[in-house]
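Asker: For Asp159, Asp359, the entry in TrEMBL reads active site. According to TrEMBL, the domain 'Peptidase A1' annotation covers 141-476. Marked as signal peptide by TrEMBL: 1-34.
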Amino acid sequence: MATTTTTTVFSSSFTLFAASLSFFLLLSLNTANGDGTFGVQQQHFYTVQLSSLFPSDSCSPAPSTKGLNKLPVFHKHGPCAEAQQLVTSTNQPKPTADEILLQDESRVRKIQSRSRKSDVRVTDSTSIPAKDGSTVGSGNYIVTVGLGTPAKKLSLIFDTGSDVTWTQCQPCVRSCYQQKEKIFDPSSSKTYRNVSCEAAACSALAAATGNRGCSASTCVYGIQYGDTSISAGFFAIEKLTLTKTDVFDEFYFGCGQNNKGNFGGAAGLLGLGRNQLSLVSQTSDKYKKLFSYCLPSSPSGTGFLTFGGATKSAVKYTPIASVAGGDNFYGVGITAISVGGKKLPVAASVYSAAGAIIDSGTVITRLPPAAYSALRSAFRKQMSKYPLGQALSILDTCYDLSKFKTFAVPKIGFFFAGGAEVDIDAVGILYANKPSQVCLAFASNGGAKDVAIFGNVQQQTLEVVYDGAGGRIGFASGGCK
(Lines of atoms letter the chains of each structure in order from A and count residues from 1; the text may use other names and numbers.)
(Lines give C-alpha, C1' and ligand atoms only; values in the text may rest on other atoms or scores of the structure.)
Protein backbone atom coordinates (compact mmCIF):
# COMPACT_ATOMS: atom_id res chain seq x y z
CA MET A 1 0.00 0.00 0.00
CA ALA A 2 2.81 2.41 0.89
CA THR A 3 4.55 1.55 -2.35
CA THR A 4 1.43 2.40 -4.38
CA THR A 5 1.04 5.73 -2.58
CA THR A 6 4.70 6.62 -3.17
CA THR A 7 4.41 5.74 -6.86
CA THR A 8 1.26 7.83 -7.22
CA VAL A 9 2.87 10.82 -5.53
CA PHE A 10 5.99 10.44 -7.67
CA SER A 11 3.89 10.17 -10.84
CA SER A 12 1.90 13.26 -9.93
CA SER A 13 5.06 15.18 -9.07
CA PHE A 14 6.68 14.18 -12.35
CA THR A 15 3.58 15.24 -14.29
CA LEU A 16 3.59 18.59 -12.49
CA PHE A 17 7.32 18.98 -13.15
CA ALA A 18 6.88 18.16 -16.85
CA ALA A 19 4.03 20.61 -17.15
CA SER A 20 6.09 23.30 -15.40
CA LEU A 21 9.06 22.57 -17.67
CA SER A 22 6.85 22.79 -20.76
CA PHE A 23 5.45 26.09 -19.54
CA PHE A 24 8.95 27.38 -18.83
CA LEU A 25 10.19 26.35 -22.27
CA LEU A 26 7.15 27.90 -23.91
CA LEU A 27 7.75 31.11 -21.99
CA SER A 28 11.42 31.09 -22.99
CA LEU A 29 10.56 30.60 -26.65
CA ASN A 30 8.00 33.38 -26.63
CA THR A 31 9.95 36.02 -24.74
CA ALA A 32 12.84 37.99 -26.13
CA ASN A 33 15.90 38.85 -24.08
CA GLY A 34 14.55 41.84 -22.26
CA ASP A 35 13.58 43.89 -25.30
CA GLY A 36 9.86 43.37 -25.04
CA THR A 37 9.38 41.39 -28.25
CA PHE A 38 7.99 37.89 -28.36
CA GLY A 39 9.52 34.75 -29.80
CA VAL A 40 7.02 34.35 -32.62
CA GLN A 41 8.08 37.85 -33.66
CA GLN A 42 11.73 37.68 -32.64
CA GLN A 43 12.85 36.26 -35.97
CA HIS A 44 11.43 39.41 -37.59
CA PHE A 45 13.33 41.81 -35.31
CA TYR A 46 16.96 42.86 -34.94
CA THR A 47 18.41 43.42 -31.50
CA VAL A 48 20.68 46.42 -31.99
CA GLN A 49 23.37 47.91 -29.78
CA LEU A 50 22.93 51.65 -29.86
CA SER A 51 26.69 52.22 -29.98
CA SER A 52 26.93 50.19 -33.21
CA LEU A 53 25.05 52.91 -35.08
CA PHE A 54 27.85 55.43 -34.59
CA PRO A 55 31.24 55.28 -36.34
CA SER A 56 34.53 54.72 -34.61
CA ASP A 57 37.29 57.31 -34.69
CA SER A 58 39.66 54.73 -36.16
CA CYS A 59 39.56 52.84 -39.43
CA SER A 60 38.31 49.24 -39.26
CA PRO A 61 40.48 46.62 -41.02
CA ALA A 62 39.80 46.29 -44.73
CA PRO A 63 38.40 43.03 -46.13
CA SER A 64 40.71 40.91 -48.24
CA THR A 65 41.39 42.51 -51.61
CA LYS A 66 43.28 39.57 -53.09
CA GLY A 67 40.50 39.04 -55.62
CA LEU A 68 41.30 40.36 -59.08
CA ASN A 69 39.97 43.85 -59.88
CA LYS A 70 38.85 44.50 -56.30
CA LEU A 71 39.30 48.07 -55.07
CA PRO A 72 38.83 49.20 -51.45
CA VAL A 73 35.87 51.53 -50.90
CA PHE A 74 35.95 54.22 -48.21
CA HIS A 75 33.39 56.71 -46.96
CA LYS A 76 34.70 60.12 -47.97
CA HIS A 77 34.04 61.61 -44.52
CA GLY A 78 35.32 58.62 -42.54
CA PRO A 79 38.64 57.89 -40.79
CA CYS A 80 39.69 55.31 -43.42
CA ALA A 81 39.79 57.93 -46.17
CA GLU A 82 41.70 60.26 -43.87
CA ALA A 83 44.13 57.50 -42.86
CA GLN A 84 44.79 56.76 -46.53
CA GLN A 85 45.22 60.52 -47.12
CA LEU A 86 42.57 60.37 -49.81
CA VAL A 87 40.60 63.40 -48.70
CA THR A 88 41.16 66.65 -46.87
CA SER A 89 42.29 66.40 -43.28
CA THR A 90 40.09 66.46 -40.19
CA ASN A 91 40.63 70.20 -39.68
CA GLN A 92 38.14 70.68 -42.51
CA PRO A 93 34.59 70.78 -41.11
CA LYS A 94 32.53 67.73 -41.98
CA PRO A 95 28.96 68.28 -43.13
CA THR A 96 26.22 68.02 -40.54
CA ALA A 97 23.38 65.52 -40.89
CA ASP A 98 21.11 68.35 -42.01
CA GLU A 99 23.59 69.38 -44.70
CA ILE A 100 24.01 65.80 -45.92
CA LEU A 101 20.26 65.32 -46.18
CA LEU A 102 19.83 68.69 -47.91
CA GLN A 103 22.41 67.68 -50.53
CA ASP A 104 20.64 64.35 -50.83
CA GLU A 105 17.34 66.08 -51.51
CA SER A 106 19.00 68.16 -54.24
CA ARG A 107 20.28 65.01 -55.90
CA VAL A 108 16.86 63.36 -55.71
CA ARG A 109 15.13 66.37 -57.26
CA LYS A 110 17.59 66.32 -60.15
CA ILE A 111 17.15 62.58 -60.71
CA GLN A 112 13.41 63.03 -60.79
CA SER A 113 13.67 65.83 -63.33
CA ARG A 114 15.85 63.87 -65.78
CA SER A 115 12.91 63.09 -68.04
CA ARG A 116 12.45 66.83 -68.64
CA LYS A 117 16.08 67.58 -69.58
CA SER A 118 17.10 69.21 -72.86
CA ASP A 119 20.46 69.50 -74.57
CA VAL A 120 22.40 72.75 -74.26
CA ARG A 121 25.72 73.81 -75.63
CA VAL A 122 28.97 74.69 -73.84
CA THR A 123 30.99 77.37 -75.59
CA ASP A 124 34.35 77.19 -73.81
CA SER A 125 36.33 75.05 -71.39
CA THR A 126 35.35 76.91 -68.23
CA SER A 127 31.74 77.98 -68.58
CA ILE A 128 28.60 75.87 -68.30
CA PRO A 129 24.88 76.60 -68.52
CA ALA A 130 22.77 77.26 -65.47
CA LYS A 131 21.11 73.83 -65.60
CA ASP A 132 21.52 70.44 -67.18
CA GLY A 133 20.35 66.88 -66.70
CA SER A 134 23.01 65.65 -64.31
CA THR A 135 22.50 64.41 -60.78
CA VAL A 136 24.37 65.68 -57.75
CA GLY A 137 27.93 64.39 -57.79
CA SER A 138 28.61 64.61 -54.07
CA GLY A 139 28.20 60.91 -53.28
CA ASN A 140 29.55 59.27 -50.16
CA TYR A 141 32.03 56.63 -51.27
CA ILE A 142 35.45 56.83 -52.92
CA VAL A 143 37.92 54.50 -54.62
CA THR A 144 41.48 55.06 -55.84
CA VAL A 145 42.49 54.60 -59.48
CA GLY A 146 45.53 55.52 -61.56
CA LEU A 147 45.45 58.01 -64.44
CA GLY A 148 48.15 58.88 -66.97
CA THR A 149 51.69 57.71 -67.72
CA PRO A 150 53.22 57.34 -65.25
CA ALA A 151 50.02 56.57 -63.35
CA LYS A 152 48.91 59.26 -60.93
CA LYS A 153 46.77 57.94 -58.06
CA LEU A 154 43.48 59.76 -57.67
CA SER A 155 40.60 59.24 -55.22
CA LEU A 156 37.28 59.49 -57.03
CA ILE A 157 33.66 59.35 -55.84
CA PHE A 158 32.04 56.40 -57.59
CA ASP A 159 28.51 57.01 -58.77
CA THR A 160 26.06 54.72 -60.57
CA GLY A 161 23.92 57.77 -61.35
CA SER A 162 26.63 59.51 -63.40
CA ASP A 163 28.30 58.56 -66.65
CA VAL A 164 31.32 60.76 -67.35
CA THR A 165 34.43 60.26 -65.24
CA TRP A 166 36.30 63.47 -64.52
CA THR A 167 39.08 64.84 -62.37
CA GLN A 168 40.47 68.28 -61.62
CA CYS A 169 43.33 69.25 -63.94
CA GLN A 170 46.12 71.74 -63.97
CA PRO A 171 46.37 74.61 -64.73
CA CYS A 172 42.87 75.13 -63.24
CA VAL A 173 42.12 77.95 -65.67
CA ARG A 174 39.06 79.13 -63.75
CA SER A 175 38.86 77.35 -60.39
CA CYS A 176 39.75 74.18 -58.48
CA TYR A 177 38.52 73.21 -55.02
CA GLN A 178 40.87 71.84 -52.36
CA GLN A 179 41.76 68.18 -52.67
CA LYS A 180 44.19 66.08 -50.65
CA GLU A 181 46.13 64.65 -53.58
CA LYS A 182 48.14 66.70 -56.02
CA ILE A 183 45.92 67.85 -58.88
CA PHE A 184 46.42 65.89 -62.10
CA ASP A 185 48.73 67.64 -64.56
CA PRO A 186 48.15 66.43 -68.14
CA SER A 187 51.44 67.96 -69.27
CA SER A 188 53.26 65.44 -67.05
CA SER A 189 51.64 62.45 -68.76
CA LYS A 190 53.00 60.82 -71.91
CA THR A 191 49.61 59.48 -72.96
CA TYR A 192 47.23 62.44 -72.57
CA ARG A 193 45.46 63.91 -75.58
CA ASN A 194 42.35 66.02 -76.14
CA VAL A 195 39.29 64.79 -78.03
CA SER A 196 38.39 66.67 -81.22
CA CYS A 197 34.96 68.18 -81.80
CA GLU A 198 34.43 65.86 -84.76
CA ALA A 199 34.90 62.69 -82.69
CA ALA A 200 31.88 60.48 -82.06
CA ALA A 201 32.67 60.51 -78.33
CA CYS A 202 32.23 64.29 -78.30
CA SER A 203 28.76 63.96 -79.81
CA ALA A 204 27.93 61.34 -77.16
CA LEU A 205 28.46 63.90 -74.38
CA ALA A 206 24.97 65.32 -74.95
CA ALA A 207 23.31 62.08 -73.83
CA ALA A 208 25.76 61.56 -70.96
CA THR A 209 25.69 65.05 -69.42
CA GLY A 210 23.00 67.09 -71.15
CA ASN A 211 25.74 69.35 -72.53
CA ARG A 212 27.89 69.44 -75.64
CA GLY A 213 30.34 72.00 -76.95
CA CYS A 214 33.70 72.95 -78.42
CA SER A 215 36.50 75.37 -77.76
CA ALA A 216 38.16 75.96 -81.11
CA SER A 217 38.52 72.38 -82.37
CA THR A 218 38.70 70.75 -78.93
CA CYS A 219 35.73 68.96 -77.35
CA VAL A 220 34.52 70.50 -74.10
CA TYR A 221 32.37 68.90 -71.38
CA GLY A 222 30.36 70.71 -68.73
CA ILE A 223 28.36 69.37 -65.81
CA GLN A 224 26.35 71.32 -63.28
CA TYR A 225 24.87 69.22 -60.51
CA GLY A 226 21.64 69.81 -58.64
CA ASP A 227 23.39 71.41 -55.65
CA THR A 228 25.23 73.92 -57.93
CA SER A 229 28.47 71.90 -57.84
CA ILE A 230 30.18 72.10 -61.23
CA SER A 231 32.92 70.61 -63.36
CA ALA A 232 33.86 71.87 -66.82
CA GLY A 233 36.92 71.45 -69.00
CA PHE A 234 38.42 69.51 -71.87
CA PHE A 235 37.15 66.09 -72.88
CA ALA A 236 40.24 63.92 -73.22
CA ILE A 237 41.74 60.44 -73.64
CA GLU A 238 44.15 58.95 -71.13
CA LYS A 239 45.49 55.67 -69.76
CA LEU A 240 43.40 54.36 -66.83
CA THR A 241 44.90 51.93 -64.30
CA LEU A 242 42.46 50.03 -62.09
CA THR A 243 44.85 47.30 -60.90
CA LYS A 244 48.40 46.31 -61.76
CA THR A 245 47.09 43.96 -64.42
CA ASP A 246 44.04 45.91 -65.65
CA VAL A 247 45.07 48.96 -67.65
CA PHE A 248 42.99 50.69 -70.33
CA ASP A 249 44.87 52.79 -72.88
CA GLU A 250 41.99 54.66 -74.51
CA PHE A 251 39.82 55.94 -71.66
CA TYR A 252 37.61 59.00 -72.20
CA PHE A 253 37.33 61.38 -69.25
CA GLY A 254 36.83 65.03 -68.33
CA CYS A 255 39.89 67.12 -67.50
CA GLY A 256 38.31 69.80 -65.30
CA GLN A 257 39.48 73.40 -65.53
CA ASN A 258 36.56 74.87 -63.57
CA ASN A 259 35.47 72.84 -60.56
CA LYS A 260 33.47 73.90 -57.54
CA GLY A 261 31.28 72.16 -55.01
CA ASN A 262 30.65 69.50 -52.42
CA PHE A 263 33.10 66.78 -53.36
CA GLY A 264 34.66 66.39 -49.92
CA GLY A 265 38.25 66.69 -51.10
CA ALA A 266 37.97 63.84 -53.62
CA ALA A 267 39.78 64.44 -56.91
CA GLY A 268 36.68 63.94 -59.03
CA LEU A 269 34.08 61.38 -59.97
CA LEU A 270 34.04 57.84 -61.41
CA GLY A 271 30.97 57.38 -63.61
CA LEU A 272 29.40 53.90 -63.38
CA GLY A 273 26.15 54.66 -65.20
CA ARG A 274 24.79 52.93 -68.31
CA ASN A 275 25.72 55.48 -70.99
CA GLN A 276 28.36 54.57 -73.60
CA LEU A 277 30.84 56.98 -71.99
CA SER A 278 30.67 55.43 -68.52
CA LEU A 279 33.54 53.34 -67.17
CA VAL A 280 31.22 50.32 -67.31
CA SER A 281 30.68 50.69 -71.05
CA GLN A 282 34.25 51.70 -71.91
CA THR A 283 35.62 48.55 -70.25
CA SER A 284 32.87 46.22 -71.49
CA ASP A 285 35.18 44.17 -73.73
CA LYS A 286 37.02 42.97 -70.64
CA TYR A 287 34.41 43.09 -67.87
CA LYS A 288 31.22 42.47 -69.89
CA LYS A 289 29.49 45.36 -68.06
CA LEU A 290 29.70 43.38 -64.83
CA PHE A 291 30.69 44.99 -61.53
CA SER A 292 29.70 44.85 -57.89
CA TYR A 293 30.27 46.78 -54.71
CA CYS A 294 29.67 46.55 -50.99
CA LEU A 295 29.18 49.67 -48.90
CA PRO A 296 30.41 49.28 -45.30
CA SER A 297 28.06 49.47 -42.34
CA SER A 298 29.79 52.55 -40.95
CA PRO A 299 31.92 55.47 -42.19
CA SER A 300 34.76 53.87 -40.21
CA GLY A 301 34.52 50.62 -42.20
CA THR A 302 35.87 49.50 -45.57
CA GLY A 303 33.93 48.06 -48.49
CA PHE A 304 34.91 47.15 -52.04
CA LEU A 305 34.27 47.79 -55.72
CA THR A 306 35.04 44.90 -58.05
CA PHE A 307 34.89 44.47 -61.82
CA GLY A 308 34.23 41.37 -63.89
CA GLY A 309 32.34 39.30 -61.33
CA ALA A 310 30.69 38.95 -57.94
CA THR A 311 32.44 37.76 -54.78
CA LYS A 312 29.36 35.95 -53.45
CA SER A 313 27.67 32.92 -55.02
CA ALA A 314 24.23 33.23 -53.39
CA VAL A 315 23.04 36.26 -55.37
CA LYS A 316 19.34 37.07 -55.83
CA TYR A 317 18.68 38.78 -59.16
CA THR A 318 16.00 41.09 -60.49
CA PRO A 319 15.75 42.33 -64.10
CA ILE A 320 16.95 45.85 -64.93
CA ALA A 321 13.75 47.81 -65.52
CA SER A 322 13.04 50.77 -67.78
CA VAL A 323 12.35 54.09 -66.08
CA ALA A 324 11.36 57.53 -67.30
CA GLY A 325 14.31 59.69 -68.26
CA GLY A 326 16.12 57.18 -70.42
CA ASP A 327 18.39 54.21 -69.88
CA ASN A 328 21.22 55.92 -68.00
CA PHE A 329 19.86 54.79 -64.64
CA TYR A 330 19.64 51.26 -63.30
CA GLY A 331 15.92 50.61 -62.94
CA VAL A 332 14.48 48.01 -60.56
CA GLY A 333 10.94 46.74 -60.12
CA ILE A 334 9.79 46.92 -56.49
CA THR A 335 6.70 44.76 -55.97
CA ALA A 336 6.25 44.81 -52.18
CA ILE A 337 7.82 45.81 -48.84
CA SER A 338 7.53 44.02 -45.51
CA VAL A 339 7.91 45.33 -41.95
CA GLY A 340 8.35 42.86 -39.11
CA GLY A 341 7.64 39.94 -41.41
CA LYS A 342 4.34 41.30 -42.75
CA LYS A 343 3.89 42.78 -46.20
CA LEU A 344 2.49 46.29 -46.31
CA PRO A 345 -1.09 46.60 -47.64
CA VAL A 346 0.12 48.46 -50.72
CA ALA A 347 -0.80 47.46 -54.27
CA ALA A 348 2.05 46.63 -56.65
CA SER A 349 0.71 49.33 -58.97
CA VAL A 350 1.76 51.97 -56.42
CA TYR A 351 5.41 50.98 -56.90
CA SER A 352 5.17 50.58 -60.68
CA ALA A 353 3.37 53.88 -61.35
CA ALA A 354 6.65 55.79 -61.74
CA GLY A 355 9.11 52.92 -61.37
CA ALA A 356 12.26 52.83 -59.25
CA ILE A 357 16.03 52.96 -59.60
CA ILE A 358 18.94 51.84 -57.47
CA ASP A 359 21.56 54.53 -56.92
CA SER A 360 24.91 54.50 -55.11
CA GLY A 361 24.89 58.28 -54.60
CA THR A 362 21.45 58.83 -53.07
CA VAL A 363 21.64 58.45 -49.28
CA ILE A 364 18.02 57.89 -48.19
CA THR A 365 15.57 55.60 -50.00
CA ARG A 366 12.59 57.47 -51.47
CA LEU A 367 9.21 55.76 -51.77
CA PRO A 368 5.84 56.66 -53.31
CA PRO A 369 3.76 58.61 -50.75
CA ALA A 370 1.25 55.77 -50.23
CA ALA A 371 4.01 53.21 -49.72
CA TYR A 372 5.94 55.43 -47.33
CA SER A 373 2.81 56.20 -45.30
CA ALA A 374 2.15 52.48 -44.86
CA LEU A 375 5.80 51.79 -44.00
CA ARG A 376 5.90 54.57 -41.42
CA SER A 377 2.64 53.46 -39.82
CA ALA A 378 3.75 49.81 -39.51
CA PHE A 379 7.19 50.79 -38.24
CA ARG A 380 5.81 53.20 -35.62
CA LYS A 381 3.35 50.59 -34.40
CA GLN A 382 6.12 48.05 -33.84
CA MET A 383 8.39 50.66 -32.23
CA SER A 384 5.69 52.05 -29.94
CA LYS A 385 7.57 51.19 -26.73
CA TYR A 386 10.32 53.70 -27.58
CA PRO A 387 9.85 57.46 -27.14
CA LEU A 388 9.70 59.56 -30.30
CA GLY A 389 12.43 62.13 -30.85
CA GLN A 390 12.83 65.29 -32.88
CA ALA A 391 12.49 64.94 -36.67
CA LEU A 392 15.66 65.33 -38.75
CA SER A 393 15.31 67.23 -42.02
CA ILE A 394 13.42 64.92 -44.42
CA LEU A 395 13.25 62.12 -41.81
CA ASP A 396 10.00 62.42 -39.85
CA THR A 397 10.11 59.25 -37.72
CA CYS A 398 12.87 59.52 -35.13
CA TYR A 399 13.36 58.07 -31.65
CA ASP A 400 15.08 59.16 -28.47
CA LEU A 401 17.10 56.07 -27.54
CA SER A 402 19.50 57.85 -25.18
CA LYS A 403 18.30 55.71 -22.24
CA PHE A 404 18.77 52.38 -24.05
CA LYS A 405 21.93 50.36 -24.61
CA THR A 406 20.13 47.88 -26.85
CA PHE A 407 16.78 48.01 -28.57
CA ALA A 408 14.70 45.96 -30.99
CA VAL A 409 13.89 47.16 -34.50
CA PRO A 410 11.56 45.37 -36.93
CA LYS A 411 13.21 43.94 -40.03
CA ILE A 412 12.35 45.53 -43.35
CA GLY A 413 12.35 43.49 -46.53
CA PHE A 414 12.12 44.48 -50.19
CA PHE A 415 10.54 42.28 -52.85
CA PHE A 416 11.66 42.80 -56.44
CA ALA A 417 10.41 41.63 -59.81
CA GLY A 418 11.63 38.16 -60.67
CA GLY A 419 11.21 36.90 -57.12
CA ALA A 420 14.24 38.49 -55.42
CA GLU A 421 13.64 39.05 -51.70
CA VAL A 422 16.16 41.23 -49.90
CA ASP A 423 16.31 41.80 -46.13
CA ILE A 424 17.77 45.18 -45.25
CA ASP A 425 20.54 45.01 -42.65
CA ALA A 426 19.83 46.67 -39.29
CA VAL A 427 22.20 49.53 -40.14
CA GLY A 428 20.23 50.09 -43.35
CA ILE A 429 16.97 50.69 -41.51
CA LEU A 430 18.13 53.57 -39.31
CA TYR A 431 19.93 56.87 -39.73
CA ALA A 432 21.50 57.93 -36.44
CA ASN A 433 22.45 61.55 -35.84
CA LYS A 434 22.81 61.21 -32.06
CA PRO A 435 21.41 58.85 -29.38
CA SER A 436 18.38 61.07 -28.92
CA GLN A 437 17.77 61.25 -32.69
CA VAL A 438 17.77 57.83 -34.36
CA CYS A 439 15.52 57.93 -37.41
CA LEU A 440 13.79 55.62 -39.85
CA ALA A 441 16.02 55.95 -42.93
CA PHE A 442 13.25 56.29 -45.50
CA ALA A 443 11.43 59.31 -46.91
CA SER A 444 8.41 60.03 -49.05
CA ASN A 445 8.50 61.31 -52.59
CA GLY A 446 6.61 64.49 -53.32
CA GLY A 447 4.11 62.74 -55.57
CA ALA A 448 3.02 59.36 -56.89
CA LYS A 449 4.59 60.08 -60.29
CA ASP A 450 8.10 60.64 -58.88
CA VAL A 451 10.53 57.78 -59.45
CA ALA A 452 11.37 55.80 -56.29
CA ILE A 453 15.05 55.42 -55.34
CA PHE A 454 16.73 52.57 -53.47
CA GLY A 455 19.44 54.53 -51.64
CA ASN A 456 22.88 53.70 -50.27
CA VAL A 457 21.93 53.50 -46.58
CA GLN A 458 19.69 50.55 -47.41
CA GLN A 459 22.46 48.98 -49.51
CA GLN A 460 24.98 48.86 -46.65
CA THR A 461 26.64 45.43 -46.09
CA LEU A 462 24.93 43.99 -49.19
CA GLU A 463 26.99 43.02 -52.20
CA VAL A 464 25.13 44.70 -55.04
CA VAL A 465 25.86 43.14 -58.43
CA TYR A 466 25.31 45.03 -61.69
CA ASP A 467 25.16 42.70 -64.68
CA GLY A 468 24.64 45.09 -67.58
CA ALA A 469 25.13 42.48 -70.29
CA GLY A 470 22.72 40.11 -68.55
CA GLY A 471 20.20 42.89 -67.91
CA ARG A 472 19.93 42.21 -64.20
CA ILE A 473 20.88 43.48 -60.74
CA GLY A 474 21.65 41.15 -57.85
CA PHE A 475 21.87 41.26 -54.07
CA ALA A 476 23.83 39.06 -51.68
CA SER A 477 23.82 39.47 -47.90
CA GLY A 478 26.99 39.70 -45.84
CA GLY A 479 29.11 41.30 -48.54
CA CYS A 480 31.13 43.33 -46.04
CA LYS A 481 30.88 44.65 -42.47
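Including glycine, each Cβ sits where the backbone N, Cα and C put it.
Tell me what's around each of these sites.
Answerer: Cβ-based neighbour count (10 Å, all protein chains) for Asp159 (active site) stands at 26.
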Asker: Pop the Cα-Cα gap between Asp359 (active site) and Asp159 (active site) into the table, whole Å please.
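Answerer: Asp359 (active site) has its Cα 8 Å from the Cα of Asp159 (active site).
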Asker: What average pLDDT is reported by the model for the domain 'Peptidase A1' (141-476)?
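Answerer: Result for the domain 'Peptidase A1' (141-476): average pLDDT 94.
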Asker: What is the Cβ neighbour count of Asp359 (active site) at a 10 Å cut-off, with all protein chains included?
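Answerer: Here the count is 27.
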